[in-house]
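Pulled from TrEMBL, these are the features on record:
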- 94-149: coiled coil (COILED)
- 226-259: repeat 'TPR' (REPEAT)
- 539-678: region 'Disordered' (REGION)
- 540-596: domain 'Signal recognition particle SRP72 subunit RNA-binding' (DOMAIN)
- 560-570: compositional bias 'Basic residues' (COMPBIAS)
- 572-593: compositional bias 'Basic and acidic residues' (COMPBIAS)
- 624-641: compositional bias 'Low complexity' (COMPBIAS)
- 662-678: compositional bias 'Basic residues' (COMPBIAS)
Amino acid sequence: KMASAGGVGSAAALWSEVNRCGQNGDFARALKSVNKILQISKDDVTALQCKVVCLIQNGNFKEALSVINTHTKVLTSDVIAFEKAYCEYRLNRIENALKTIQSASQQTDKLKELYGQVLYRLERYDDCLAAYRDLIRNSQDEYEEERKTNLSAVVAAQSTWEKVMPEDLGLREATYELCYNSACALIGQGKLNEAMKKLQKAEELCRQSLSEDSDVTEEDIEAELAIIHGQMAYIMQLQGRTEDALQLYNQIIKLKPTDVGLLAVIANNIITINKDQNVFDSKKKVKLTNAEGVEHKLSKKQLQAIEFNKALLAMYTNQADQCRKLSASLQSQSPEHLLPVLIQAAQLCREKQHAKAVTLLQDFADQHPANAAEIKLTMAQLKIAQGSITKACMILRSIEELQHKPGMVSALVTMYSHEEDIDSAIEVFTQAIQWYQQFQASQTRGANPKPPVHLSLIREAANFKLKHGRKKEAISDLEELWKQNPKDVHTLAQLISAYSLVDPEKAKVLSKHLPSSDTMSLKVDVDALENSHGATYVRKKAGKLTGDSQQKEQGQGDVKKKKKKKKGKLPKNYDPKVTPDPERWLPMRERSYYRGRKKGKKKDQVGKGTQGSTTAGSSELDASKTASSPPTSPRPGSAAAVSATSNVIPPRHQKPAGAPATKKKQQQKKKKGAKGGW
């Protein structure tokens, strides 16, 4: 009995210690006291509960869950349901946490809060939205702002991942978290400019909120703003401002944020900007996407996008086996998804195995008819790249849901025209027109019905047939158009033009339906039109000028001409006493005194040695210094030559000192069109 009494007294002291440590937040010390209590009474329910709580507070979730599972007889689901579910949630055993919550006999407020978090992690957004609405409606405590923030996060997720139009929750965006979630919802709707404004407001609110705390440093503020800046960079990337986005992404990475999910998303976005360029940087960034715990921080679609980009990066870096391995893994995870098979086909094309790529795509299209359209478009592109235009057309025409679309019709007609298969092109037009006629007949017309699409196709078909000589078929189409709208003058004119090539008499008959020239004339004030502000050319009004004004105009014209006229330059050796050569404007060969050149006369007398050097016999070769040298035909530079018509050498034919330079200048003047002379 003495021992028992001592144990009771010791237990009471230990419980007092546990209570005191719990109030002070010293859970490590409280755990020691609880363990001592359990040594006294190993199945004490309260002590076991306290031990689980202390372990949770210290972050030892695995150990806490082990204690719960070890003492299932004592710690029943009614007693410990919340703690067990919370441990499973923190250990990322989300499905187990959901089962634990649902199996609890009583749904407490704590369990409802955790239930909302579990549903969000499971991406069951509709159920999660309903859970948080119920919590906000039935709770009145200091955590109301946090619940509203979570509610807005659910709406943002719906808008981003499920493309659901978010409803207006009527929440007052007084905190930066609410502003951030609102911006995310706007991004999901494609309202990028509005989203950017919300993010700027969120940044401002965040700075104001954190700057009020004196213990918070500027580095702490920048770390908290990292997720906001990351979303801003994402908007810039979507807007095509890749340089700005890349700069902001790299600034965030330099801060080394602790959020591995944020780092993974930023690294992935940088890889998408790099594409097949800057592969070395992409290889470094992809390591950030492999960090531990990333898979628990991101949504399924985010993780899937990262895996797709890893496969593409492997393809761009010529890691064919790695690319095939990643794409095959993705295809096994999402058999109906298009991207894995498209990546595999792209890799085969890089290896010049186009036939295998087409076979792979065809097999996928057969297995997944719902996605066959996009796959067949890719197959057609491959066929075109191989030069098999006709086969590409066959593939495109097999896409039933697209074969009547104007874009598809245009593409098929262009391709058939390239192959000179006019009959097939006309058949494409005919099938599309018939489809739209049937569709038009099945539709009920509203108050303001739109013009039928098939009419525009009929016009295009008629133009095509006229261009390729199918006049009778074109006439049939044009008659159909005119029948639909007899007041259409343009169609009537086309019809008359077509008949004039086949049946001129019929063209004359139809021409009577054309409106008269009086009804067609437009009442336009030409003078007002020419004098309008937007007129770029104004015709001068016709009219005779009076004598004075005419003289004035002529005088002004003379003045202008005198200003433009340049005074010709005279030769340096100009002599005003000498009469100029009257044939100076003619080429040398056309002048009366030109006798031609004697070829080969000085061929053997060419001086040898360095350029500019003189020889001993150079003076003997100078014909101008010999008295017996006979006169020759006048040449530029021969000062002793005598003109046949004059005893005086014309200055025009005298060679000045800098002959080559002068000659060059004269040629330049001729090119410019200058009128020199005197």
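Every residue gets a Cβ built from N, Cα and C, even glycine.
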Composition by DSSP (helix, strand, coil) of residues within the compositional bias 'Basic and acidic residues' (572-593): 3 helix, 0 strand, 19 coil
Whole-number mean of pLDDT values that fall within the repeat 'TPR' (226-259): 94
The repeat 'TPR' (226-259) - residue tally per DSSP class, helix then strand then coil: 26 helix, 0 strand, 8 coil
